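What TrEMBL lists as transmembrane segment is A:6-35, A:47-69, A:134-151, A:171-191, A:211-236, A:242-260, A:272-294, A:314-347, A:359-385, A:397-421. As annotated by TrEMBL, domain 'TRAP C4-dicarboxylate transport system permease DctM subunit' applies to A:8-416.
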Amino acid sequence: MELIVLVGALVFFLAIGVPVAFSLLAASMAAFFVLDIPMLVVFQRMAAGVSVFTLMAIPFFIFAGDLMYRSGIAERLVKVAEAALGRSRGGLGQVTVGASAMFGAVSGSAIASASAMGSTLVPLMEKKGYDSDYAVNVTVTSAIVGLLIPPSHNMIIYSAASGIGVSIGDMFLAGIVPGILTAALLMFVAWRVAVKRGYEKGSFPGMRAFLMAAVIAIPGLMAAIIIMGGILSGIFTATESSAIAVIYTIIIGTFVYRSLGWDLFIKAATQSVKITAMVLMIIGAATAFSYALAILEVPTQLANLITTAVDNPIIILLLINVILLLLGTFMDMSPLIVIMTPILLPVVQKIGVDPVHFGIIMMLNLGIGLVTPPVGSVLFVGAAVGKIPVERAVKTIWPFYGALLFALMVITFVPAVSLALPNAFK
Amino acid sequence: MIELLSKFTHRMADLLVNLAGAGLILMTAIVGWQVFGRFVLNASPSWSEQASLVLMIWYVCFAAAAGVREGFHIRIVALEEAVPPKLKHGMKLINEIVVGFCGIAMCIWGGELVLKTWSHVIPSLGLSRGLAYLGLPIAGFLIALFSLERIFEELHGDDVENEEDPRWN
Amino acid sequence: SFERKTLISADAHPADYPTVRAVEEMARLLNEYTKGEMKVKSFAGGQLGSERDTLEITSFGGIDFNRVNLAPLNAIEPLTGIASLPFLFKTTQHMRDTLDGEIGDAILASLEPHGLIGLCFYDSGERCFYNTRKPIRTPEDMKGMKIRVQNSDLYVSMIKALGADATPMALGEVYQSLIQGVIDGAENNWPSYENGRHFEAAPFYSLTRHVMTPEILVMSASRWNKLSSENQAHVKKAAKESVGFMRKLWDVRVIEAKERVLAAGVQANEVDDITQFSALMRPVWDKFVKTDQQKELMHAAIELGNSYD
Ligand code: NA
Ligand code: NA
């Protein structure tokens, strides 16, 4: 009964066009009323969902990206990439997959990756004649790759939630091949779609022009080096690096390129808070919604359903994937890891699945949830920086979903993809 | 009367967005200072994390409220575009009412949240926890006001913001 | 509105953790004493939010039972800070005797004006420093180390007094920060040191036993006030009885965690002379113990400690 109120209200509000954040909020309020939980808890959960330190990467990277775009730094960067890869069709799409994967690898956060890459690369892809929806699709799906390539704070959460001491070192090693596999599949799809849509082939401008472009772009290229180097050498955390990116961009935009004035600066700031508010209001409201789902024990009951219903290992793994994908459409990644790991891990261990292997399945599966509506924070960031409605992005995202699902199936049913590397180091 | 309201809400939305932008700039400075303190001065400021988290609640609430007036919140318009104009009109009306109701709820229960946590202290900041939540009732009130304006205009049949997509200027 | 029948209990620790199992034991006893009238459903693993958040929700009446560490309660009731004072407790037995007696009762009672009913204390073990560099034997060894602490003024002051650099940071960022060298060390009990896998990154564990802040089980006052006086008595009884159950589990857990991390190559050491550390704490205590009631409790705890030398 309570669950019907919760989901029914959400679907109704979403369908008639109430903004996603307010749909979630109104549905949560209805559910809290039925569940006899004081109404102010809805708003406490919302505030708690918004004030999370790691989420600061969203406004900061969007701000940095916007500043780079407005001050012309980003354009110089793309001239280099274009000069280097211009000859292949959809080359910029592949650059985005590679850059996102690398960035996500270092930052460990899909949403940071989507914020940083989306706000710089999407406008540039558009300028080069790529459709916005294509640019958004490439950016958001490749942001997921960073969840698999170490370091990844979600793997650390998984290790703690497992309660059986899954080694974080093993998890990190296990993610590398699946990460590369997923990136390769996405690059393939990005290329296929680009060819099909007939995106223009670039041309190599010659070595001299390429070097010229590279030299002019050096201060911009340094941004990437400072961010990644700073994280890897322990000067700052991944979250802090996003603020450093803003400060660095302000400095070179103002003093080196001299293209960043007060007006542009304020515009970038207000622009960034608008996009941030769009996404964080949804994350906050989804936190309240998840609270109601948790009280109703929806995740637990779904998990119990499979364990009692079947005993065929292949079907169990498939069902687990379906359930995680389903839950992932409504709930965020880290709370799901915390809730589902202790329930599902004993089940899969009984059918002989290695905990490290299962962890990797979970990372990719819940990562896919971040790019699926109705609650997909990474998709929302992408659509917001790409300035297109979420539906327009989703309408053409299917080939990319296909690549992710294919990767998920390979990773699920071929344990060696995950386990070969950690086993080799034992 | 409606024009006066509209003038007021327009100013208010601009003010909210500017305040929110200032919040982001301040937050950048705080986190930058946190890194500088730890790495250069060997003394991490203990207040910086909590201070930026409080700022984040405030500016997200403010910008989200402005978003109700400017209509930039993410929503699904597929059904709205498929139905006849009359039904579309009705749907828009309901949807503004739902948003307005959320604003009123945010104002009332967000306010209760502020009162009930006013005596709690935010560790390492020394400020009241209620202060962190104060942005909620303020934003809630403005959301209610903004959606009231949109309801009026929906009833009068003209579009609220006819400028180009207000997000991107 | 509807009346919620099954009571909700929250815990930030994972499902098999001693505190979670102790509250489930409490729920079992309660169900038995009330002949099935009171049912409690537990939500472990922080499903309902962080400890600070669930404490607020409990005080609003949205959660009925809540097991938290005493530390987040310091922001709500200053008297609870006494049990968190660094180097106050000499041994685990000293800590247990303090909390089982009048001092503990005074702390439990202090929560009622805040909408919370304090029921009982559970163990949280002895917190010790661990780091990526070398064994800590004297405060001298900590000079210049960046030590992660919880977001608490008390911890920051303690670390500063010891001569190190306090770095407040969320627990989830600690592992990565140790690996990348953003911080040099952190501090926690054996089971958390193992469970968070921090021993993989920081293999030097030094037995400073500086803080023994206990865990606490609280109930929402709004739910409490709706109970009959018999049921209130049942709740208190069941909670008190779960304490012994929890301590047995806890002691086993500590021994197992310790054995496992030592087997994984962790180098543990005792400190040379604990008074070198505790002697530096005077200014910290003075800063946080201000009211007469706090001073009274602190002196009572110190006096009780004289018999544990
Ligand atoms: Na990563
Ligand atoms: Na989703």
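Backbone N, Cα and C atoms are what each Cβ position is placed from, and that goes for glycine too.
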Most Cβ pairs under 8 Å to the transmembrane segment (A:6-35), of A:47-69, A:211-236, A:272-294, A:314-347, A:397-421, goes to A:272-294
Query = Any contact between the transmembrane segment (A:242-260) and the transmembrane segment (A:134-151), i.e. 3 or more CB pairs below 8 Å with pairs at least 6 residues apart?
reply = no
The recorded stretch from A:134-151, A:211-236, A:359-385 sharing the largest number of CB pairs under 8 A with the transmembrane segment (A:272-294) is A:359-385
Long-range CB partners for the transmembrane segment (A:134-151) (under 8 A, at least six residues beyond its ends), listed in sequence order, are 93, 96-97, 100-101, 103-111, 113-114, 117-118, 121-122, 125-126, 171-173, 175-176, 178-180, 182-183, 186, 190, 193-194, 197, 199, 333, 360, 363-364, 367-368, 370-371, 378-379, 381-383, 385-386, 388, 393, 396-397, 400-401, 403-404
Looking only at the domain 'TRAP C4-dicarboxylate transport system permease DctM subunit' (A:8-416), mean pLDDT returns 84
